[in-house]
């Protein structure tokens with residue numbers, strides 16, 4: 001079928017990408033807003049992208065999914081990463097050995113108690129410390145996780161809306177949860193929903 005739109009098709013959303021909004025990676029074109037990690041939905045650029053066949057990832061998710069596994073491989077020399085990537089849907093721990101140590105101390109003392117009760121980020125599930133905390137929807141978020149759940153746009157207090165514990169930019173919220181019908185960007189008088 002001929003390409004009447006004048007541009008290449010986006011590798012993520014399959015819509016036409018015009019030159020002014022185009023980012024190319026591995027011979028494929030993307031909208032700037034669609035150039036997101038397939039694991040964590042973080043915005044990418046030429047320095048943070050890692051491509052694998054037709055998939056694009058941030059370097060962290062790429063390492064979790066396709067990097068070497070086992071003791072000594074991870075986020076630093078001689079370091080064992082305990083991040084399995086489950087919260088990103090990466091399923092990395094197939095057949096990994098269980099830890100030989102018990103998860104709770106066998107001889108608990110009054111000093112073994114948790115010193116600080118740290119909030120958890122609803123998006124990634126990791127601890128949110130005061131220096132990186134942004135409140136939204138009554139919950140603490142990391143600055144990097146404070147993004148629209150649909151388009152991945154970075155949010156601020158002026159353009160954030162929340163629904164059912166998730167954050168959205170005002171545009172995505174209006175499209176998906178706002179009023180529908182004539183005069184609201186939905187149906188016109190000529191079109192009728194059947």
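Using N, Cα and C of the backbone, Cβ positions are placed for all residues, glycine too.
Pulled from TrEMBL:
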| type | residues | note |
| --- | --- | --- |
| DOMAIN | 8-68 | domain 'LIM zinc-binding' |
| DOMAIN | 119-179 | domain 'LIM zinc-binding' |
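DSSP assignment over the domain 'LIM zinc-binding' (119-179) gives 11 helix, 22 strand, 28 coil. Residues of the domain 'LIM zinc-binding' (8-68) grouped by DSSP class, helix first, strand second and coil last, total 14 helix, 23 strand, 24 coil. Within the model, the domain 'LIM zinc-binding' (8-68) carries an average pLDDT of 85.
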